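See structure below.
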Amino acid sequence: MKNNSSKKEQLKDYLIDNDEKILTTNDGVPIHDNNNTLKVGQRGPSLQQDHIFFDKLLHFDRERIPERVVHARGSGAHGIFEMKEDISEFTCAKFLQKGVKTDVFTRFSTVAGFKGSTDLARDVRGFSVKFYTEDGNYDLVGNNIPVFFIQDAINFPDLIHSVKPEPNNEYPQAASAHNTFWDFVSLMPESAHMVMWAMSDRALPRSFRMMEGFGVHTFKLINNKGKATFVKFHWKPKLGVHSVAWDEAQKISGYNSDFHRQDLYEAIENGDFPQWDLGLQLIAEEDEFKFSFDILDPTKLIPEELVPVKIVGTMTLNRNPENFFSETEQAAFDPGRLVPGIDITDDPLLQGRVFSYMDTQNYRLGSNFHEIPINRPINGKHNNQKDGKSRMDILKGNVSYFPNSQAGGCPYHAMLKGENGFESHAQKVNAHKLRQRSISFADHFTQARLFFHSQPKTGQQHIIDAYSFELSKVKDPVIRKRELAILNQIDSDLAKKVGKNLNIEPPKELDELTLKFARQIWSQYPIKVKKPEVEKSKSLGMDLPDAKGTIATRKVAILVADGVVKKSVDTIKIILEKEGAQAVIISTKVGPLIYEDGSHEEIQHSYLTDASVLYDAFYTPSGKNVDTLLDNADYLQFINEGFKHCKALAFAEGTEKLVEKSLIKKDCGVVFEKGNKNWTLQFIDIMKQHRVWDIEMDRKVPA
Ligand code: HDD
């Protein structure tokens, strides 16, 4: 059945608005008194007949459901996907036809932490999109990293057990820096590539709005003649790809562990709708074996130099959920939710995923999870499945079987109506049943090397620092050494530098135990590897060519105290807001800020409530505030830390004394108004770079 109603319209039927309503029980019985239980006398014991109290408490006692076993911590938003290019020669998927607009619900997440853990953990980010298409729901359940730790789904529970808090004492929370994770990955060289990404800045996004998304696996597009084309999905953020420093991430976790959640919510509330372009890498079926790596191996990416990303559409997130639990928490994603025109491949990780998600939704949400409003397809569902816990739909008639004649054969096959039903790609398979892995999956280091060599110098330094930090937290020196042996296979300079920080000479050969486990998969391991097509790939850095040159939605702290000159504040505010940035005034206390001319302004942020790590850039305006700030250690911490984290700093005329008292050195990231007509332009230009990472080594100050 075709139904043009949007997801928003559909959800309206389930919205509860309590405005001007009388308080009732769950059965709609008006409640006279919600303050007192029913007792024998005013001071007496409570009565078991208090159905009003029990109605309330029984529900409360059941408010928690199992959190997701991975990706428990997440934030979601509604939006729309618009297809802009014609790719009908590759797919008959209706939502991928030029001009079609499809409602979506997107959820971003961390992987390892529990539901209440920090947003700023060093971790992979989930990037799941549910498309409510006219042919039913299609879920693209990806990550912000284009490869995965393991190749076969059978290893997934082990991987997750190793990274989650250790089972005896349940710590550390939301962190990979511990024995068990590094024990596992150092025994699984196939993880080398993904671990490299996880140690890079990609694992510390500045915002969900500033990260790429990837479908990771190679999927198939199917056209209306049944012809398949391999495809990799990419989401490219319009705001560019940006990260925070590790020191900053740790501090943000303390100051505001909801940093990413709040950022997404507020951006949408402010009308700054985040956008991503959808890009496709298309590979003809005939080219399946053309590359030096196997396109079914989920630990490999296809460098964009080999297969360019074709931008085909845009997703805009424009509406926050009305209710976190009902929508975000109950959203059930599944890579096996496919629509006609898209199919899975034989990637052994993907094959296992297709089972796991449906299973976990049944456990978490119950067997009728697809009837929960956020998961309902907009075109309706019609089949003979019935009953089960918490069934919502009421199936009409006496027929719930197929085939039938009693209900005129309904619901009938799509083909009887001349419609395209989902058909799996008619792929020929002719092989023995084996519990084995292809030898074409056995090169683990070439692409890890490609990633490392494709990073700028600072990016490489951050990777070295991250390995050094994480491995220093590992208590067993044998594990540290084993991982260093892996690093040595990737790049000897990388291994040497990390080794120096750990006081270990990197071993030349892989550890005996690593080899032993790898040989249980491939008896001939290590194999002679093929020459890679490229040694460096520009797209693996964080500079997206189309996303440069904006400070839109960036938060700039205007650091003041009473006595500040109003004009000095207003001028920069107007300039920043014109560029789409947010200027936030921070003073010594919340409440009325008193300007030099005696006028007042109510402000919401102070050095007590906020911290420099929550902002992208800093401006100190002129006035009598300078004398107060000279003695304000919190202010000095703001600018010292901003300097350390390579952010842009600007100082109005008359504030130079503050810089002298700080640890700031005058470099290309610090702008002074004095004698400089172009200071605002310079300030904005520095912000557009996001951070002056290039001079990070000169900005190493204690803050
Ligand atoms: Fe998974 C959740 C992404 C491999 C089993 N996964 C989950 C979510 C994302 C991913 C983004 C959160 C969905 C949401 O927002 O609700 N997972 C991936 C990617 C993978 C991957 C990109 C590799 C390319 N996952 C993977 C494997 C298995 C699972 C190999 C099991 C065989 N994943 C699950 C799960 C979760 C899940 C246990 C937990 C909650 C859920 O499914 O809904 O089924």
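Cβ atoms here come from the backbone N, Cα and C positions, even for glycine.
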Exercise for the section: Taking TrEMBL at its word that Arg68, Arg107, Arg353, Tyr357, Arg364 bind heme, choose the one of Phe149, Phe156, Phe422 listed for that site. Expected result: Phe156
Exercise for the section: Among all chains shown, work out which of the recorded positions His71, Arg364 has the most CB atoms within 10 A of its CB. Expected result: His71
Exercise for the section: Would you mind checking how many other C-beta atoms are within 10 angstroms of the C-beta on Asn143 (active site)? Expected result: 24
Completion exercise
In the three-state DSSP scheme, Asn143 (active site) belongs to strand
Practice task
Give the three-state DSSP assignment (helix, strand or coil) for Arg364 (heme binding site).
Solution key: helix
Practice task
Any same-chain residues 6+ apart from Phe156 (heme binding site) with CB under 8 Å of its CB? Would you list them in sequence order, or say none?
Solution key: Ile150, Leu349, Gly352, Ser356
Problem - Pairwise Cα distance for His71 (active site)/Arg107 (heme binding site) [Å, integer] - result: 10
Problem - Around the Cβ of Arg353 (heme binding site), the count of other Cβ atoms that are within 10 Å - result: 21
